[in-house]
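J.: Below: one structure in C-alpha cells.
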Amino acid sequence: MPRTNALTFRLSIAGMGSLVRTKRDTTGNLLNTEMNSAPAQRWSMQVPAEVSATAGEAAVLPCTFTHPHRHYDGPLTAIWRAGEPFAGPQVFRCAAARGSELCQTALSLHGRFRLLGNPRRNDLSLRIERLALADDGRYFCRVEFAGDVHDRYESRQGVRLRVTAAPRIVNISVLPGPGHAFHALCTAEGEPSPALTWSGPALGDGLAATRSPGHDPGHQVTAELPALAHDGRYTCTASNSLGRAEASVYLFRFHGASRASTTALLLGALGLKALLLLGVLGVRAAAHHRLEHPVTPDAPPRPQAQESNYENLNQMSPRGPPAAVCSP
C-alpha cells in the first residue's frame, strides 16, 4: 500500500482569484484537491518619481492602481490634485456612470488637463497641454467608488513634474536714485535658473551686476546694475543650458535751460509709437506757448529744453558680448 505521507502542491489559477491545493502520496497518486479563495488585492497606486518636460510642450503623468473589489462596475470619480495630497487644489476631475467606461470631465484647469487612461481598467494617467513654468510641482492621483461600494484611495507621494524652459526676460527698467544717479533692474525667468549679465558704456569685465534684494517669485531672478555713469545702450543677457535672451534700454540725459535737471525716459515695446506721440505733443505745446507768450524785440525767445530720444529693444540673440556675470 502506498505511503499516505502526502506532499502538498499549490497552484494559483490566474484570473480566478483562487488557490488550489493538491495532495499526492509518495508514488504520485492523487489523494484530494482543495480550492480556497485567494486573498483579495489591496489598494495601491503606482506612479513614477519624476516626469520632465519642456515649457510649451505636453507632459503625461502616469498613474495606475489596484483595488480589493474584483468586479466593480459602479459609479466612480477620478481626481488629480496639485501641491499636496488630500488637501491640494484639484486640477482635474471626471466621473463615470455605472457600467460606463466614459469618464465625463467635470473640471480641467484652464482646459489643459485631459485624462489619458481608462479608470475602468485601473489607469488614471493624465496629460497636460501647453506646459508653463507655473505647472512645475507635485501631482497626486485619486479614485473614488460610489454606489453599493463606498471606497477611495489617493497616492501619498505623488509624481514630481519638472518643467524646463529657455530664459525669457520679463522686465527691464531704469530707475532714478539720489543725486541724479540712475540704476537698472533686469528680471528674467527660466529653468534651470538663468544667469544674468550686463553690457553697456564703460562697463568693464570687472564690474559685476548684483542680485537685487528681496524674493523673486517662482523661477524668476532679478539683477541690478547699480550705477549708470554714461548715456547709451545697456543690455541685459539671460542664459541657461537651454538658450539665451537679451533686452536693452537706452539712457539719454539732458539739462534744462532754467535749472540743472536730469531725466531718463523708458519706453516699452511700443517705443517708436510713443516717441512719435511725444513729438506731436511737444509741437502742440510749443505752439500753445508761442500764442500765450509772443516774442518781442525787447524779450528774446526763451530756449526750449531739448527732447530726449529713448528706445527699448527686446530681442532673442544667439550671440552677445560677454559681460560681468550676476549669480542669480
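Using the three backbone atoms N, Cα and C, a Cβ is placed for every residue, glycine included.
Annotation source TrEMBL lists domain 'Ig-like' at 39-144, 167-250. Annotation comment: TrEMBL describes 264-283 as transmembrane segment. Annotation comment: TrEMBL describes 292-328 as region 'Disordered'. Under the heading compositional bias 'Polar residues', TrEMBL lists 305-317.
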J.: Taking helix as H, G and I and strand as E and B in DSSP, count the residues of the domain 'Ig-like' (167-250) in helix, strand and coil.
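T.: When I sort the residues of the domain 'Ig-like' (167-250) into the three classes, I find 3 helix, 50 strand, 31 coil.
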J.: Could you pull the average pLDDT for the domain 'Ig-like' (39-144)?
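T.: The average pLDDT of the model in the domain 'Ig-like' (39-144) works out to 94.
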J.: Based on DSSP, tally up the residues of the domain 'Ig-like' (39-144) by helix, strand and coil.
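T.: Residue counts for the domain 'Ig-like' (39-144) by secondary structure: 9 helix, 48 strand, 49 coil.
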